[in-house]
Amino acid sequence: MSLRGRFAPSPTGRIHLGNARSALLGWLQARAAGGRFLLRIEDLDRARCRPAFLDDLYRDLTWLGLDWDEPPLVQSERGEVYQAALETLERAGRVYPCFCTRAEIARAASAPHGLGEEGPRYPGTCATLTPEARAARAATRPPAWRFQAIPEEWCFEDGLHGRYCQDVAAAVGDFVVRRNDGVASYQLAVVVDDAASGITDVLRGDDLLSSTPRQLQLYEALGVTPPRFWHVPLVLGEDGKRLAKREGAFAVAELRERGIAVERVLGLLAAWSGLGDGSPMTREELIHRFRPELLPRTPVVAHETLLKEALGLG
């Protein structure tokens, strides 16, 4: 099977150079392998997603020369697909309704062993409710649905980080696959969509590395073969924090509107990815140069002085 990769942004703000780097690397991986590159719009957070940001996203990717091979998959249009997956999990006895409020979960987390490695660990309060208790709670509060995490270590071989293992039950506990407003969670939606699109390789930021064991459990429960994973260390600001849309972080649209040459932007992104020295580069040069083994294994710091110099903003 030929490689099928994807870029899956959320239109909650203008994409910054860190987002653009993720898109570029996914695109390069697909093009260098003679594969296909897909675009998915992760817009389930309706309160934060804006049509204007989506318009900017399309313009920015087109300006960067990052084309896609199929119509974009839009998550907000796929509610029935996620519901069908939830029903499959329910028939298999892998999910249960949860009526706990955030306050109740926070109180449980303050108890001994209430914190996992990623923060509050859900203690499984609703997993053992009787049918009568569930009916009584459902009369006052719509439930979220949680996947019952398998209490053992799950491991996978990441293309950049090597072997990564996590006991999901100990780290986060049973996790949400549908919120109590009826919207699918990120973990369920990404698994269902990658499977439906036939994605073979997921190249994304390593802030999602610890989410992967949860997704692997969902792949197994749904009877789907998971893709290969490549988690790239993030680009950080000089303060050591990840670049963020809300902080501007050199939005691609801003650079485009200021008339910065796209080759300068590609050259900077290449330098952050072990593929260049910061000199302007074309897409074709990057396709020829791309090798997964060249990608960095540690975070990259975006020094503002060097960034401005590379973009000709000095």
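Each residue, glycine too, has its Cβ placed from N, Cα and C.
As the structure is a computational prediction, the values presented were derived from the model and not from experiment.
Summarising the annotation, TrEMBL assigns domain 'Glutamyl/glutaminyl-tRNA synthetase class Ib catalytic' to 3-295.
Under the heading L-glutamate binding site, TrEMBL lists ARG6, PHE7, ALA8, PRO9, SER10, GLU42, TYR186, ARG204. Secondary structure at ARG204 (L-glutamate binding site), taken from DSSP and collapsed to helix, strand or coil, is strand.
Annotation source TrEMBL lists motif ''HIGH' region' at 9-19. Across the motif ''HIGH' region' (9-19), the model assigns an average pLDDT of 92.
Under the three-state DSSP scheme, CYS126 (Zn(2+) binding site) falls in the helix class. Feature annotation from TrEMBL assigns Zn(2+) binding site to CYS98, CYS100, TYR122, CYS126.
Positions annotated as motif ''KMSKS' region' by TrEMBL: 242-246.
Among the features that TrEMBL reports, ATP binding site is placed at LYS245.
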Rounded Cα-Cα span from TYR186 (L-glutamate binding site) to CYS100 (Zn(2+) binding site), Å: 19
Residue with minimal Cβ packing [other Cβ atoms within 10 Å] among the binding-site residues ARG6, ARG204: ARG204
Env. residues of L-glutamate site, Cβ within 8 Å of mean position of ARG6, PHE7, ALA8, PRO9, SER10, GLU42, TYR186, ARG204 Cβ: ARG40, ILE41, VAL190
Packing count at CYS98 (Zn(2+) binding site) (other Cβ atoms within 10 Å of its Cβ): 24
Pairwise Cα distance for TYR186 (L-glutamate binding site)/CYS98 (Zn(2+) binding site) [Å, integer]: 17
Neighbours of CYS98, CYS100, TYR122, CYS126 excl. site residues, C-beta within 8 Å of centre, Zn(2+): PHE99, GLU104, ILE105, GLY124, THR125, ALA127, ALA144, ARG146, ASP174
